[in-house]
Structures are given as structure tokens and as C-alpha cells.
Amino acid sequence: MTEESSDVPRELIESIKDVIGRKIKISVKKKVKLEVKGDKVENKVLVLTSCRAFLVTARIPTKLELTFSYLEIHGVVCSKSAQMIVETEKCSISMKMASPEDVSEVLAHIGTCLRKIFPGLSPVRIMKKVSMEPSERLASLQALWDSQTVAEQGPCGGFSQMYACVCDWLGFSYREEVQWDVDTIYLTQDTRELNLQDFSHLDHRDLIPIIAALEYNQWFTKLSSKDLKLSTDVCEQILRVVSRSNRLEELVLENAGLRTDFAQKLASALAHNPNSGLHTINLAGNPLEDRGVSSLSIQFAKLPKGLKHLNLSKTSLSPKGVNSLSQSLSANPLTASTLVHLDLSGNVLRGDDLSHMYNFLAQPNAIVHLDLSNTECSLDMVCGALLRGCLQYLAVLNLSRTVFSHRKGKEVPPSFKQFFSSSLALMHINLSGTKLSPEPLKALLLGLACNHNLKGVSLDLSNCELRSGGAQVLEGCIAEIHNITSLDISDNGLESDLSTLIVWLSKNRSIQHLALGKNFNNMKSKNLTPVLDNLVQMIQDEESPLQSLSLADSKLKTEVTIIINALGSNTSLTKVDISGNGMGDMGAKMLAKALQINTKLRTVIWDKNNITAQGFQDIAVAMEKNYTLRFMPIPMYDASQALKTNPEKTEDALQKIENYLLRNHETRKYLQEQAYRLQQGIVTSTTQQMIDRICVKVQDHLNSLRNCGGDAIQEDLKSAERLMRDAKNSKTLLPNLYHVGGASWAGASGLLSSPIQETLESMAGEVTRVVDEQLKALLESMVDAAENLCPNVMKKAHIRQDLIHASTEKISIPRTFVKNVLLEQSGIDILNKISEVKLTVASFLSDRIVDEILDALSHCHHKLADHFSRRGKTLPQQESLEIELAEEKPVKRSIITVEELTEIERLEDLDTCMMTPKSKRKSIHSRMLRPVSRAFEMEFDLDKALEEVPIHIEDPPFPSLRQEKRSSGFISELPSEEGKKLEHFTKLRPKRNKKQQPTQAAVCAANIVSQDGEQNGLMGRVDEGVDEFFTKKVTKMDSKKWSTRGSESHELNEGGDEKKKRDSRKSSGFLNLIKSRSKSERPPTILMTEEPSSPKGAVRSPPVDCPRKDTKAAEHNGNSERIEEIKTPDSFEESQGEEIGKVERSDSKSSPQAGRRYGVQVMGSGLLAEMKAKQEKRAACAQKKLGNDAVSQDSSSPALSGVERSDGGGAVPKLHPGLPENRFGLGTPEKNTKAEPKAEAGSRSRSSSSTPTSPKPLLQSPKPSLAARPVIPQKPRTASRPDDIPDSPSSPKVALLPPVLKKVPSDKERDGQSSPQPSPRTFSQEVSRRSWGQQAQEYQEQKQRSSSKDGHQGSKSNDSGEEAEKEFIFV
């Protein structure tokens, strides 16, 4: 009805606009008579707008009498032809109009507006009830509404229009931001979930119209709210929607502060909506209690569509409420086929009264996800029920923090194992926090092992208190389980069993994700390193399927670098989690080095590691060179701390890391040659060293057998020569195989010409042609469609051609686009994969061929050795190897230490059969590990240092020698368990010295001591051992028995007189070898003569009578230099081992400038003089009885040494060993020939001196002065040389004294020995003259016995004239 034909005058219309608002469009205006009390009527004007009706007075100025929204209408009754009664929520309005047509017009307008605002809904449904007499009138209206073309719905089903209408109905302000968010964000995401958190910033009242619109909206099917407290008004509106909407399917109100009354009202709302489509209900985190859930349960049984997803976790349920719920679920026949997700976690369900829940689970059902975590329900009872009802579909089973009711002495219920062995779909099993004894754990693992239906199972056994019993079960089962791809055994107290467990885990070929965190917290340092080494071997295994490793929250500190150093060359791990280990900036530095060469890692998690700005900068520098890492979450804990101390550097480094990660997501750059160079550097260098060693041995045999007759020998020689040529050519095997067929696939200047590139280029041209044709056809189709839709416009002349011509430029694609996509993106991906496969094949072929060469060379070596044995000749010494190694040494220095000589001998004595493909692979794996940085030596951990204190000062077995120090595995490593035992396997062997009769010299020396000392064997001369008590260290001793046994072979060939002379030296006093603080950076080096090695590996003895050279005393810096202590031989170690009880240690956490020092206690001069006088008397007595010859052979003469006072009040002893420059023992060839007999004598002397001797007392000074604090070394490993392992910390109060090796003194020397005041220089030279040969052996022992816990020691030495030379008597 237009305004011109309206019955309402224009003046009144203007007045009405002034009342209701001029912005509101008036659609219908009718004069009506409003019936009031009885038959009384009043003239009014009915004004209809798009969503509201107004009743105003019919006079000017008009006045608003009544208004109502169309949504308030509860019913319309038209019983009389011109009467219309409108019922609303507040009142009932009866109006009389001029004609029935006016009534129909009003109703038609209201229905049309409702249909336009709420498309998809019938106006009759919105108005609840429409009654018209006769009924044909309503039918005609319905036909009118249906015939009207419904305009296209707006975004999200026209939500914005509905929201505006609802705001008008409820009287709330219309928020344009709500309309924008829905029309833009929700439309873009194409989501059907209305999330109240998106509008949580608004007032709670503003949420009411948003929710109310869902009653009519047909787009949204899910209403969700999480962690948002909902007011009462909002809850009421939600209940209204539930009770009226048949479109809402999912209701998620998690942690919304709802109580029992809401659950009861929700049950009532469901009861009022028989057509409800609700099938997902999530009320987790709301204390609904048993009453509320019981009310809901009744309606769950009546839901027309059944329940698919039910989450009632943390709703304060008890077993009573769960049983009620289970009964209702069982009562609904649809539930068995519809319910797929059931979550009752977080409710206390302990006890046995859960029969209804077990019965429900035992019925055949379709549950896929079952969560009963943290309920304390019976694990075995649940599995028994699942066995009967949930085998077919159950995929996710979360039973963490439940209780296994198995008791000791009783068998595990068979149903427990049967469930895991019979399940058809299990993918994730979570039993974390459930205390599992070995029996149920074994049943679980065996059940999974024998289930061939399951694949890719994730098993979470974290915090199950498995401990040793569980570890043993895992060791016995895990290797054979084929269907576990993810295993979490963190926080299980497996510290003592991890070493063995990891070995068994490495045998499993299905585990791709492994979590071991929180199992190292209570682990001793001596047990930690073997575990990490085994873990490194596991991830380095070529066949290892492991892709993800987690060591989170293990508090490994710097020990985690053992794992990090293995990441650089690792090719299997794609994700590593080392967070919570406190590795510090040094760990970040090592991680940075690994990331620079790693091309496999995609995710690294490294928070909670005490990283500062410097560590972040190191990682940023490394990320610049890494193009493959994609995900490295910002370490929030460390970053927040670093930002407080150094914000600029930290922010800059973090920004760079994020930029490089973004670059890695966008770029396809792959350093193809980097992986090849890494493979070449590791494999080729390691393999070639092994081939070179065996080639040297074969070449020695070739040289010796070249002139021998015999066809067989000559044929073997020719075969060996051919093998040697192959071995030489194998050096270039990998490069030639990798580059075969031309250059690499991609160079620095881009792609090189190759068949693949040519094919891609031709393909690009073909694709471009096809694309152009498709685009032209598309343009033609568009223009045709436009002509069909707008034919009148398109009839104009030339418009079609103009449109096609104008669109041609816009629809074309640059010709280089397809080519760039194919060549620079897809092509690079293809070539990268080809390069990766090519390197894999080349490495495989090279490895197999080298294995064959090694095997052939080994057989050839054995054949040539057999020819020697048949000819009755001794095998020549492989001096060529030593000469070759010696020629390489002068690059660094021109002399070889005793330690290095022993190492050369050890390599010589390796049997050729040890050089096998297996040992080669071990060497390669060791080479792939980055050595531990020397920087760690500067750090000291007192707890770790104390763990290295030996209980017995005895020799560990020889085969374990240097297992930790050597990186290349020439000899297969022993099980790490043996390294934990501090007991020697020959401990109970009888001591040799107790079976021998003392010689005359020994008896003479023994007569001097007191009778008490003779009886108990524990007390010697009064002054013996005083200084050693305060100066000598007690350290862990490595085995040297192999050398003493070799020395014994010389004893068997010597005469009886020589035997007696050696025995006399065994009973004499010992010379305490004192060392000075040398200024040299390396320990003293001893030149050795070349002798044929003993079959038992005896150490070559140095010549006694070789030239002496004074060495410069050195001042050790606390940060860079090391002090080497001279140790006692094995014989004395064994005799003294049981007397030594404790070893004291001191903390070295102070600054390096205040270095700790070992020193000799400064004693009073009177006591020294008395001790010296007594010693001289004993020496004179011995000389008279034994004669000059015996005296010259006896080592009972006292030796004096000068001491240098240290800062701490102790004395630092000086030592001036001779340093001959010729490695064969003499400076000239003439001297070399003359020294040979003396060299033999020296060898025999050393052999005899290393035999066991009886223990001697160690007396303490009555009033000792304060000793300098001992130096405690700081870190287990060095980076310079694997052999330079310093001493372990020891007590200054216990000393082990070595027997003395001296040359025969001259008369002047003997006179000098009795002199009361020797000069300092003569004194030091005497020590040097008599002890340098002994020191060579002792120095090597010192090297082998040094603990892995030691680091550099440093101290200040006084070079000023304040140094005071003291006299001491050492016996």
C-alpha cells in the first residue's frame, strides 16, 4: 500500500515519523479500531515496518500507544472477517479493520518480512500459531508467501539480519563489529561453529542477542564456549535456543561455571524439544555433580539422534552418577551405534561399584575414543569389559592415573592381555601415571607383540614407576614388538637400567618416536656417560627407524652435548627435544655447530636450558647456514631471562632465528654438495686409515718374502700386490661413484644441463601451450555466458570483440611462469631427491667394496704370515708403521711421549682380524660424533668428581683400557656394566712377594727397623713416607699387568746373582719422584729405544745411561695447563691398595688465579736433621755389609730434592728429567751402539722393580704445617689429544711411592749423597739423573690411570728470589 492510497492523512504520517523516527521506513499504515474494556473501541493507526509494529493515536500530534516485534507474536487469530487478534508475550491486541482485505494485507506483510529476515523458516512457525476463518484465507496467504522469490541469503545464512532483528526484539544495542566479524571472518573460514570467545571482549549482555539469533539461524550447528564464565541471562538464552532449535547439533560449554541447576534446566529444555538435533554435549569442567548428570541422563536416553560425543570430565561425578549415566546410555538403542567419544576423566571413580559402567562397555558399541584418565578406576576391570565390547572400533584408550588392582602372588587376569592381543583398531594407549608392576607390564607388552592387527601404536608409559623390574621386562619384550611406533617411558626411575635398556631399544625396528626424559635426574656421572654413548649408537645406527627423540627435563646439563655432538652428521632424526637440561651457552654453542651441518632435522625444542644472549647469537649464526630446520619454538623461559639482562642482543638474535626459519619455509634451497662432503669426510677418512694400517702390515710381509722361492708364495705375493693397488684406488672410490656420469646436478650458477632439465624445459613449453589454449576457451565461455544473461547489452556491435580483446591481456600468464615453477621449484625438488638417492647408492657401493677389500687384505695378511711360520722365521717388527707415524708427528713436535709410544705399540699388537667391516663401521660411527669440547674441562662439578674416587686402589681389567678416551673403535667395546664394578678380577690372586724369601740386603735393611715393625709388617723407618703422606695423590689405577708379565719373561733368563740383586732392591726404600711446575705446555716427554715388542706387549725400557738435559721449570697457568703426577707401579699399588681407605677432595669452584696446589709439608729443621742422620747411618751400614758392588746395585740410598715454595704454604717439588732428542735413545749413532747393553739392563731393572713389594709405613710429622690445598681437576675430557687425560683428584695425605731406578753412582756421587748441604742445582740434577728413566714408565702409568673427571689445573708459582730451597729426606 503506497502513501497516496493510504487512509492516513499526510500530516498524520509526518507526525508518526517524528514519533517513531524518520530513519525507520514505514511499509504499511492502516486505521484500526482498538478494542478496550468491553465493547469500547478507540481509533488508532497501525504502522508496520520491516520487523516491528506500532500503534499510535489518530490525532495530531500523535502519540505512541503500543509497539511489539514480530518475534514477540505468539499467535494470530482472525475468527471474524475484519477482526485480527494478535497475542504477544506481554498482551493480547484485538483490532477491527475496514475490510478483510486489510487484515490479509497486514498478515501478508508480516509474513513476508519474517520470510525475508529468516529464510528457510516458515512465517507460521515463527508466529507459533495462525488461525483464520475461513481456512481458505490462510491457504491463500501461505501460497503468497511461498510464491515470493526469496532473496539470496547473506553471509552465514543471513546471520547479520537476524542479529539486527533480535537486537530490536530484545532491546539491545546493535553492534556493528559483531555483524562485520560474522560476515567477514566466519564467512572466510566457512565455519559452522559460533564461538562465544570471539566476542568475550563485549559485555555479557551483548552476548544474549548473538545467542538468541541461533534459534532461527540455519547456518550454525555448533555453539561453543571454553574458559568463559557465563552469566545467568546468557545461560537462560542458551537454554532457550536448545529448547527451540532443531538445527543446533553440538553444545560445548567447557569450564563455564555451570552448576547442578543448569544441568537440570538443560534436561528440561531437551524434554521440550522433541525434534532436537543435538548429538554432541561437552560440559567438562563444570561441577554438575550426580544430581545434575542424573537429570541429563534421563534425556540422553530419549535423544532422537542419539549421542555421538559426550564429555563429562571433571564434573564432580561419583560412581553413583556414572552408573546412572551408563544405564541411560544403555537404554537408548541408538547409542550403541552412534557414541564414538566418551570422556569421564577427572572424576573420582575408585571402588568396585561401577558395574553398570562395565556392563555398558561390555556391550557391543562403536566407541573410538575412551578417556577414563585420572579416575582411579580399576584398570584390569576396564580392560576386561573392553575385551567383550570395544575390540572392533576402539582406537584411543586413555587410562592414565588409574589403578591396577593386581596383587602380589596372584596372576594377572587373562582378559588384560587378551584385550591388547585381540584389539583391531588401537592406535594410542596412554597408561601414564599408573603404577605398573612387572607382571601387568609384561602382559601388556606380550599382548601387543602377538597382535598382528595393530600398526603404528603409540604407547605412553611415562611416570609408571617401572624402575628396575619394569626395565627388565622392557628389555625382554621391546625388541620383538613390531607395532609400536611411539614409546614414552619418561620419568620411570630407570637410571640404573637405562644403559642396557637402550641397547634393547635399539634392536627394535618400529619405534620412530622415543621419550626418555626425567630418567637421568638421580644418575651418577660415572653411569651417565655409558647411557648417553649407547643412546648415540642407537641414533647413529644406519637401520634405526628413530625419527624423534625427547630428553626433556632430564637436567643433563653439559652432558647433553654428547647427544648434540651426534646430531651434526645424523641422518635419521627429524625432531629432537632437549628442553629442561640446563646446558647453558656452551650447550647452545655445540647445538649451533650441529645445526650448521645437519640437513635432516625439522624440529628442535630447546627451552629451559639457561641460555643467555650469547647462546641465542650462536644459534642465529648457525641458522644462517641451515636451510632445512622448519620449527624451533621460541624458548620463552630462557628468552625472558635473557631479555632482562641483555635485551638488544637477545632480541636481535631471536629475530634472526625467526627470519631464517621463515626463509626455510619458503625456500627450496638444498646444499646438495654439503651432504656429500660430510659423507666423504667421515667415511673416507675413517676407512682409509684402517686400510692404510693393514696395507702397512701386508707391505712388510711383501718386502720380506719378495726373494723367497716357491710358486705358491710368488702367487700370493702377486695377489697381495693387486690387492694393494685396489686398496690404493679405493681412496677415490666414493668421489668417482658420486660424480659418475658428469658433474653434480646443480652448480653454483644454477642448474646444469641434464636430461632431466631438458625434459622439464620441453614439458614447460608444452604446459604453457596447453594453458594458453585453456585460457582462450575460458574467455570465450565467459563472453557467451554474459550474452545469455544480458542479451540486450551484448547485442551492440563490436562489443563482443572489444571485450575479448581487452580481456586477452588480463587472462594471459607470463611465459616464464610455468618454466620457473617446473625448473626452480619442482625441478629442484626432483634433483635434490636424485642427489640424495645418488649419494645413498654411492655410499652403499663404496662401503661394500671397501668391506671386500678389507676382508681380502686380512686373508692375504694371514696367508703371508703362514709362509713365515712355515719357514721358521720370526715375523719382523712392523717398524714401518711406527716410522710412518713418527714422520707425521714432527709436524707438531719432534719428540714422542711415552703415552704416544704405548699407543703405537697397542695399535701394532692389534690382530689383523680386528680390521673387519664391523670395526670399520664402528670407526665411522665414532668419527661422526663431534669430540667433547675442551671448554668443558674448565667447569668442575664436585659431585661428579667425588663419584670417581676409587674404593679399591686396584687395576681394572686391561681390555677396558682407554675405552672412553679413544674415539675410534679399533677394539669392540665391553659391556658398560663391567665398567661400574670397582673390583679387579685378579683381586684374590696370591701376592708374589709373600712367597719369596728376602735377600741378605733386605734382611740387613729390615734389622734397622723396630721389632714391632717386623712383627706387624706395617711400620718401617721413622722418617719413611712423611713427605709422601702430604704430597702424593691417590688416583684410579689402570691395568699395567700386561707390561709386568712381559717383563717377567726377561727374569726367567737371568742368573741367580742378578735375581738376588733385584730382590734386594725390592726391600729397600723408595725414591719419591717429585715434579716441578714446568713452564712447558706439554708433559715431560721421554725418548725410547726401539726394541722388538714382546709377545705379551711389554713396554720398552729406556736406556739408563743417556745424556741429560736440564729442562726449564714452568709456571702453570690455571686456565690452560696441566700438572702431571708420577704414579707408583702396579706392584706397590696392590700392596698398598687395602691400606688406603678414603680419598679427600676439595672444591675447585674458586677463581683460576687462586689455583690449588699439591705440596710437601714443610717440617721443622730439627726433625729433618735427625731423620737425615739416621738415614745416613743406615746407608753406611748397608755399604759395609754389601760392599761397593752391592751398594751400587741397591736403591736404598737416600735421594734429595729441592722444593719450591708455593703460595699456599706447601712446597712444589722440582724435577729435571733428561730429554734426549733422538727417539732411539741416543744423540749419535756411536752412542747408540754403546748404549744397547745398558738398555737391556735398564729393561731388566724396570721389570724387577715393578714386582710386588711389602708395604711400608707412612708416618706423619708430629707438627705438620698447613699444606697447600690440592688441585681438583675440572672436566672429564680434553679436546687436544685423547691420550692427555689428567689425574683424578686425590688426597694430599696419602702417598704411594714408586721403587727407584738409578744408575751406579760414582764415588763423587756417593760423597755428594752424604753431604749435609747439597747445592740446589746439584740436588735437582741428581734427581734428574736417577729418576728420568723411572719417570718414563711412571708417566705412562700416570696417563693411563688418570680419571676422566680431571681437567687442567693451574696455580701461581713464585719466580722471585723469595723461593726458599728446603732439605728433605725421602726414603
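Each Cβ is built from the backbone N, Cα and C atoms, and glycine gets one as well.
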Ser405, Ser1093, Ser1243, Ser1280 - the residue Swiss-Prot records as phosphoserine: Ser1280
185-209, 485-509, 710-734 - the one Swiss-Prot records as coiled coil: 710-734
Residue carrying phosphoserine as stated in Swiss-Prot, selected out of Ser318, Ser437, Ser1094, Ser1197: Ser1094
Listed as phosphothreonine by Swiss-Prot, one of Thr529, Thr916: Thr916
Which candidate, of Ser968, Ser1206, Ser1306, Swiss-Prot gives the annotation phosphoserine: Ser968
Three-state composition of the repeat 'LRR 7' (481-506), taking helix and strand from DSSP: 11 helix, 5 strand, 10 coil
Tally of DSSP helical, extended and coil residues in the repeat 'LRR 9' (570-593): 10 helix, 3 strand, 11 coil
Helix, strand and coil residues within the repeat 'LRR 5' (391-418) as assigned by DSSP: 5 helix, 4 strand, 19 coil
Model confidence over the repeat 'LRR 5' (391-418) (mean pLDDT, whole number): 89
